[in-house]
Every structure is written in C-alpha cells, then in structure tokens.
Amino acid sequence: MQNEYSQFEQRKRDHIELALMPANQSSELNPFDHFSLVHEALPDLDFKDISIQSIRFKKPVEKPFIISSMTAGHSNALEINYRLMEACSKTKWAMGVGSQRRELTDKQAAFEWTPLRRDFPMVSLFSNLGIAQLIDTPISAIQRLIDTLQAEALIIHCNPLQECIQPEGTTNFQGCWTALEALVKKIASPVIIKETGCGFSKNTLLRLNNIGVAAVEISGVGGTHWGRIEGHRANKDPIRQRTADTFRNWGIDTLQSTRNAISLNPSFEIWGSGGVRNGLDAAKLFALGATTVGFAKPMLEAALGSTGQVLTQMNTIEYELKTAMFCTGSRVLDDLKEKACP
C-alpha cells in the first residue's frame with residue numbers, strides 16, 4: 001500500500017510539471033480568438049459602477065470565478081493549495097480542490113485540509129472525486145469527503161481519454177450513469193459534473209439535465225489536454241504513446257460545449273472553463289450564458305510562485321473582465337449576452 005501511495009504522489013508531481021508544458025496545451029484549438037464582442041465607442045456608464053456579481057446555486061455571489069480543480073493528496077499540494085486558498089480568502093473566489101481519491105483509503109490524507117480550513121474557514125470549496133471512483137464508493141464515504149473539507153458542493157470529474165492513456169488508468173466506467181443518478185438523489189450537497197479538457201456533447205448534457213445535477217463545468221478543448229500529459233508519462237509504453245498522439249486534438253472545444261449546453265435551456269448552471277486565460281475570454285463565456293468561469297493553469301503557474309502572484313493574476317482577470325464590460329457598454333454580466341458578434 002505504501003508503494004502505491006509513493007507512485008500516486010509521483011504521478012501527481014508529474015502532472016503539475018507536465019501541465020505547464022506548452023506541448024500539453026491544446027492552445028492551437030482554442031476558439032476564443034474566433035469569437036468577438038461588439039465594441040461600444042460611447043459606453044454610457046461609469047466604470048466604477050460595473051458589477052460582476054453572479055449567481056451560484058441560486059444564491060448571489062460577489063465574484064463569478066472559481067479556481068478549477070488541480071491538485072491534492074501529495075506533499076507538494078499543501079503549499080500550492082495554501083497559496084490558492086489564501087488568495088481566495090482575499091478575493092472571494094471559490095475553489096475546486098484536486099481529486100480526493102487518496103482520502104478514501106488513506107485516513108491521514110484528509111488531514112491535508114485541517115490547517116487550510118483553520119486558516120481560511122470562509123473560502124467556498126468544492127470536493128472532488130472521479131467518476132470511476134464514484135461507481136464503487138458508498139455514499140457515506142463520499143459524504144465524509146465533503147464533511148472533511150467543509151465543502152459547499154461536490155465535483156465529479158469525467159476523464160475517459162486520460163484514463164485510457166494513463167499507465168495506471170481506471171477504464172471501467174460501467175454503471176457510471178446509475179451511480180451518478182443515485183448520488184444526485186441521495187446527497188444533500190449540490191453535484192457538479194466536470195470534464196477535464198474534452199468538453200461535452202449535447203446528448204450527454206441532456207442526460208445530465210434529466211438527472212438533476214446542479215452545475216456542469218464545461219472544461220472543453222483549448223487548454224490543458226490530459227491525453228497529451230499522460231502520453232508524456234507513458235514513455236515506456238509505445239502503444240499508449242502513439243494513442244496519445246492520435247488523440248492529441250480529441251474533444252469538443254469550450255465555446256461549442258457551452259453552446260451545446262445553452263441550446264438546452266438547462267436547469268443546471270453552466271460553468272465555463274477550458275483554455276480560459278484572461279478576463280476577455282471569461283467575458284465571452286458570460287456572453288454565451290455561463291454564470292461561473294473557471295481558471296486552472298494560470299492559477300497553478302502563479303501558485304508555484306507566491307500568494308502575491310496568485311492575487312495579481314486574479315485582480316488582473318477581474319479588471320480585464322470589467323474592461324470588456326465597459327467597452328461593450330455592459331453594466332452587469334447579463335448585459336454581455338446582447339454583445340456577442342453574430
């Protein structure tokens with residue numbers, strides 16, 4: 001078991017290093033540059049009156065941003081997550097934690113969150129578990145993950161391509177829909193479904209809407225591509241390496257995935273993420289109808305430096321969003337919906 005934990009920690013460290021490599025970014029497929037907002041030369045408003053307030057789980061929130069789930073369960077995670085949570089405590093951003101899978105078998109792993117929650121009790125956090133683990137995990141154990149974190153909601157992440165290419169991948173997803181539907185019915189916390197860089201089809205989103213999930217985090221193609229990352233890790237497995245190269249552009253991009261969701265007029269909230277690198281990208285997602293926007297790689301890069309760098313990144317994104325709103329004559333986020341170029 002100890003050897004398994006050592007391998008787990010090494011895999012998580014690999015993920016951090018590889019996630020920052022340009023080769024593992026599907027930025028050449030990023031759609032944001034091909035989507036524009038209508039410029040307003042005479043915006044009849046005062047910049048200081050612009051509001052970026054949004055709604056999350058039917059309640060108003062001051063900031064419409066989250067740090068998308070990244071890393072947990074290894075020795076380097078504590079410092080990274082401390083900086084991220086410290087910054088969130090100052091900006092009122094929310095945060096999805098990395099996978100809590102290890103906590104299911106290692107009781108000590110849960111103590112990672114004790115000092116973080118002690119120092120930052122007011123930060124809105126979301127628990128996180130993979131769909132493959134959900135299938136075989138009792139609801140009571142999942143509830144413990146939420147309780148340990150004092151989480152506002154639970155993220156279930158879906159990563160079929162990553163699991164196929166990861167040397168240690170879990171590729172048995174049979175029963176995932178049944179398990180997900182049971183979870184939504186039995187657990188009190190809001191359930192968020194998140195992809196990990198490959199986006200969502202309209203049919204999948206329709207099924208998610210029918211079972212009553214609270215939110216879908218799009219995480220489409222255009223940002224960090226986990227198929228590419230696992231291909232780099234599978235350097236002793238030529239079959240997985242070649243497969244990673246074949247599927248290097250696999251998935252549905254963030255804007256198309258968001259449009260797929262909007263077209264359904266769903267009951268779930270649409271959270272835009274996947275290749276979002278600045279506040280202008282965020283503005284475009286709000287214009288399409290997202291109510292929350294998530295950032296991962298930009299925050300990870302900053303958190304490897306300092307809390308100050310994370311705060312600078314957050315403040316810049318907020319200012320860029322407000323600049324996009326001012327230059328389109330949008331006083332509130334909903335106004336952006338009328339400013340998308342046809």
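Yeah, the Cβs are placed from backbone N, Cα and C, and that goes for glycine too.
The model shown is predicted, which means the values in this text are computed figures rather than measured ones.
Feature annotations, courtesy of Swiss-Prot:
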- ARG11, LYS12, SER99, GLN100, ARG101, GLN162: substrate binding site (BINDING)
- SER68, SER69, MET70, THR71, SER99, ASN128, LYS194, SER219, THR224, GLY275, VAL276, ARG277, ALA296, LYS297: FMN binding site (BINDING)
- GLU163: Mg(2+) binding site (BINDING)
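Taking the features listed in Swiss-Prot, we show where each one sits on the structure.
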| residue | record | contacts (Cβ under 8 Å, 6+ apart) |
| --- | --- | --- |
| SER68 | FMN binding site | GLY96, LYS194, GLU217, SER219, SER273, GLY294, PHE295, ALA296, MET299 |
| MET70 | FMN binding site | ALA19, ILE80, GLY98, ALA296, MET299, LEU300 |
| GLN162 | substrate binding site | GLY169, THR196, GLY197, TRP226, GLY227, ILE229, GLU230 |
| GLU163 | Mg(2+) binding site | ALA132, GLY169, THR170, THR171, PHE173 |
| THR224 | FMN binding site | ALA19, ASN24, GLN25, SER26, GLY197, ALA296, LYS297 |
| VAL276 | FMN binding site | PHE32, GLY223, THR254, ALA282, LEU285, VAL293, GLY294, PHE295 |
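By a simple count of nearby Cβ atoms, those within 10 Å, the most crowded of the binding-site residues ARG101, LYS194 is LYS194. Comparing the binding-site residues SER99, GLN100 by how many other C-beta atoms lie within 10 angstroms of each C-beta, the top residue is GLN100.
Neighbour count (other Cβ atoms within 10 Å of the Cβ, all protein chains): 24 for ALA296 (FMN binding site).
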